[in-house]
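Straight from TrEMBL, the features:
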type     : residues : note
TRANSMEM : 12-32    : transmembrane segment
TRANSMEM : 44-67    : transmembrane segment
TRANSMEM : 92-112   : transmembrane segment
TRANSMEM : 124-148  : transmembrane segment
TRANSMEM : 155-175  : transmembrane segment
TRANSMEM : 187-211  : transmembrane segment
TRANSMEM : 223-245  : transmembrane segment
TRANSMEM : 265-290  : transmembrane segment
TRANSMEM : 297-316  : transmembrane segment
TRANSMEM : 322-340  : transmembrane segment
Amino acid sequence: MATQESSSRRKKFLLIINCIILAIGNCGGPLITRLYFLKGGERIWLSSWLETVGWPIVLIPLSFSYFNRRREFQGKILSDNNNDNNNNNTKLILMTPTIFVASIGIGVLTGFDNYLYAYGVAKLPVSTSALLIASQLAFTAGFAFLLVKQKFTSYSINSIFLLTLGAVVLALHANGDRPNGESKKEYVLGFIMTLGAAALYGLILPLFELLYKKAKQGITYTLVMEIQAVYCLFSTVVCTIGMIINKDFQAMSREAKSFELGEARYYVVIIWSAILWQCFFLGAIGVIYYSSSLVSAILITVLLPVTEILGVVFYGEKFTPEKGVSLVLSIWGFISYLYGDIKSSKKKKENQSQEQEMIDKITCTP
């Protein structure tokens, strides 16, 4: 029981760490992407590419994980007095070919999702694109029910309803958010593209959970990072092809010279964009691993009003009454889910305690 309790605490701690990483990426990513477009950036495929091109960052923790496994393997050899074993038995890569192929498929979908999202951010204010992305929660809930048989409680249903309602309330003021100099056609297309991104990402999150459940091997956080490296790599490949066709690589130097913040800061924005978006993807799949795709979607949604407030602070966007109502509804929805999760965990512990008592009584019966 003590070991089980210790494992549960460790899992919750790592879940909190991944939630923090996700929060940093979820709030910072859209803001720095919008900054790129506000200050003169125009390349949508480049912006899409930046969302996953930072995937080599994951190789750093993966290297530490490999050397740690290797050291543990060597220690085991010494303890077993089996010095003839070959230390190269430590696997460099844990994923199977099936998981590798599935990760490629998810990566291709993510590449197109990145483009849809980047197009929306280019045409819409941060607050408006954030409210549309909130609709991904409904898509995630639907796909999670179909693909992984996600169980719903009254608290999770209430949370989904409140968070979705918050997005609807925000949508009521959307027409007044059209940036100066942008045509109605571009604005509407930005709306459609962002909704498409929300729907596609609503499918991608449960696909990760399905991959974890269907994998015919033990799922460790090291394997989760390997999956991220592969799918982000192939997402980057998709966006790289788009950049080559659109001649974005040749345009970068010209764009840097005309960037409002200066040429040096143009590249600073580019680098930080890649880092922050990698935090988002790493945090998202980490939350799915330690909890579920629905929890990941709920956390992403509840952070959207925070992104809106930051958009108001940094870019001078209007904080309308609708945004205030949405913020309250989002916090309410998050508290509802959190309360339900705590209640469910408490009930589960009580059931386990009762089962243990029954086992003890049976064992002690002469």
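These residue numbers are counts, starting from 1, taken along the chain as shown.
Cβ from N, Cα, C; glycine included.
Residues 99, 102-103, 106, 109-110, 112-113, 116-117, 119-124, 129, 132-140, 142-144, 146-148, 150, 174, 178-179, 227, 284-285, 288, 292-293, 296-297 of the same chain lie 6 or more positions beyond the ends of the transmembrane segment (187-211) yet place their CB under 8 Å from a CB of it. The transmembrane segment (12-32) and the transmembrane segment (322-340) are not in contact, since fewer than 3 Cβ pairs between them lie under 8 Å (pairs 6 or more apart in sequence). By the Cβ criterion (under 8 Å, sequence separation of 6 or more), the transmembrane segment (223-245) is in contact with the transmembrane segment (92-112), since 3+ such pairs are found.
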